[in-house]
Amino acid sequence: MIIASANDYRKAAKRRVPPFMFHYADGGSYAEQTLARNVSDLSNIALRQRVLKDMSNLNTEIELFGEKLSMPVALAPVGALGMYARRGEVQAAKAADKKGVPFTLSTVSICPIEEVAPAINRPMWFQLYVLKDRGFMKNALERAKAAGCSTLVFTVDMPTPGARYRDMHSGMSGPYKEIRRILQGATHPFWAWDVGIKGKPHSLGNVSKYMGKEIGLDDYIGWLTQNFDPSISWKDLEWIREFWDGPMVIKGILDPEDAKDAVRFGADGIVVSNHGGRQLDGVLSSAKALPSIADAVKGDIKILADSGIRNGLDVVRMIALGADACMLGRAFVYALGAAGQAGVENMFDIFNKEMRVAMTLTSNQKISDITREALVDLSKI
Ligand code: FNR
């Protein structure tokens with residue numbers, strides 16, 4: 001099929017990826033209202049067309065945490081990428097590396113830190129969840145540091161997992177024996193035998209490394225679901241600081257008061273995010289939450305934003321609303337599932353071209369030129 005936009009990868013992934021994995025990425029929590037609003041609120045923001053200002057020296061590069069990025073974009077942490085393509089984390093990381101942007105490895109990756117970090121030339125970012133097993137957290141931080149990871153993305157909006165009804169219908173969540181039944185029927189050898197199904201334990205990412213043994217997918221999921229920790233508080237940030245002295249980004253901020261606390265507790269950045277509509281349904285879209293957060297902390301801390309970004313125009317919109325950079329989630333998962341590393345590379349090219357057109361026609365030559373002036377204030381029309 002013809003791939004013109006990154007959205008086409010969604011259709012391609014739907015054909016190629018096993019249904020329960022496609023819906024795991026595509027779906028959100030509860031009635032999926034926030035998931036839908038993330039996309040519609042962003043696309044409803046009108047860009048302000050300006051012309052005749054010589055845009056021949058366009059530049060999409062930025063600097064972030066001492067790193068040079070070819071565009072203001074990083075890959076968001078996404079768990080289980082190795083189930084969307086064989087050794088999927090490595091494929092996505094290589095694509096990001098080739099295109100000059102950071103890749104963030106999820107805590108719950110299929111490939112461990114030690115496999116992905118050496119596969120790329122630029123430093124990897126690492127995402128950490130707070131888990132009851134603090135020994136795991138400490139071990140993961142030490143391993144991330146030893147592997148040369150540059151930035152820590154500390155995700156704080158998962159003290160308890162939101163219910164994903166779509167996953168219950170597809171068999172992705174529910175009794176383990178149901179998951180095992182579905183996995184045993186799997187006909188996709190490129191991912192199936194990598195993740196310890198058919199009763200055969202396999203090396204499953206950072207958890208296997210920590211446990212020092214191979215485990216099966218059901219043990220992995222069992223370990224994880226018992227381990228989310230509702231006791232998480234700002235004190236955990238201080239604890240993490242004992243083991244991590246590099247840049248730290250707090251992911252899952254949706255309120256200006258929490259953004260101010262992140263500044264107070266010495267974070268280097270925040271990700272304005274509702275986890276792609278996968279946690280508390282009914283909360284604000286990131287696009288609607290971002291302006292008041294930017295008013296509260298812009299300049300004091302780096303602001304990243306994600307949730308609902310599906311093309312380069314959306315990146316420009318988020319920057320105009322106050323973000324310094326964006327994270328891409330589903331957009332790259334679909335591309336990875338549909339076409340592996342080459343798909344993710346192409347997705348970056350598509351985004352970059354779209355950004356360039358949006359910058360040219362809003363008359364913004366560089367990223368730091370993009371302000372709310374790039375948007376039409378619809379309330380005044
Ligand atoms: C995620 N996300 C996520 N976040 C995180 O901090 N750790 C993780 O392991 C995961 N895993 C994960 C799996 C899948 C399949 C998806 C789709 C998302 C959330 C992710 O980092 C990001 O916040 C959202 O994906 C952004 O929303 P969009 O762009 O996907 O709409």
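Every residue, even glycine, has its Cβ placed from backbone N, Cα and C.
Predicted automatically and left uncurated, TrEMBL annotations should be read as such.
Long-range C-beta contacts of H275 (active site, proton acceptor), restricted to its own chain and to partners at least six residues apart, with a cutoff below 8 Å, comprise T155, D157, M158, G162, G252, S307. The annotation active site, proton acceptor is assigned in TrEMBL to H275.
The glyoxylate binding site annotation in TrEMBL covers Y24, Y129, R164, H275, R278. The Cβ neighbour count for R164 (glyoxylate binding site), using a 10 Å radius over every protein chain in view, is 21.
Taken from TrEMBL, the feature substrate binding site covers Y24, Y129, R164, R278. Under the DSSP three-state reduction, R278 (glyoxylate binding site) is assigned to coil, being neither helix nor strand. Around R278 (glyoxylate binding site), taking its Cβ as the centre, 25 other Cβ atoms fall within 10 Å, counting all chains.
There are 30 other Cβ atoms within 10 Å of the Cβ belonging to M318 (FMN binding site). Feature annotation from TrEMBL assigns FMN binding site to 77-79, S106, Q127, T155, K251, S273, 306-330.
Taken from TrEMBL, the feature domain 'FMN hydroxy acid dehydrogenase' applies to 1-380.
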According to DSSP, collapsed to three classes, what secondary structure does G308 (FMN binding site) have?
coil
Cα-Cα, whole number of Å: L313 (FMN binding site) versus R164 (glyoxylate binding site)?
29
On a C-alpha basis, identify the one among Y24, Y129, R164, R278 that is nearest to M318 (FMN binding site); the candidates are the binding-site residues.
R278
Scan R164, L313, M318, A323 for binding-site residues whose C-beta lands under 6 Å from an atom of ligand 1 and note them, or write none.
none
Across all protein chains shown, the binding-site residues P77, G308 give the max Cβ-within-10 Å count at G308
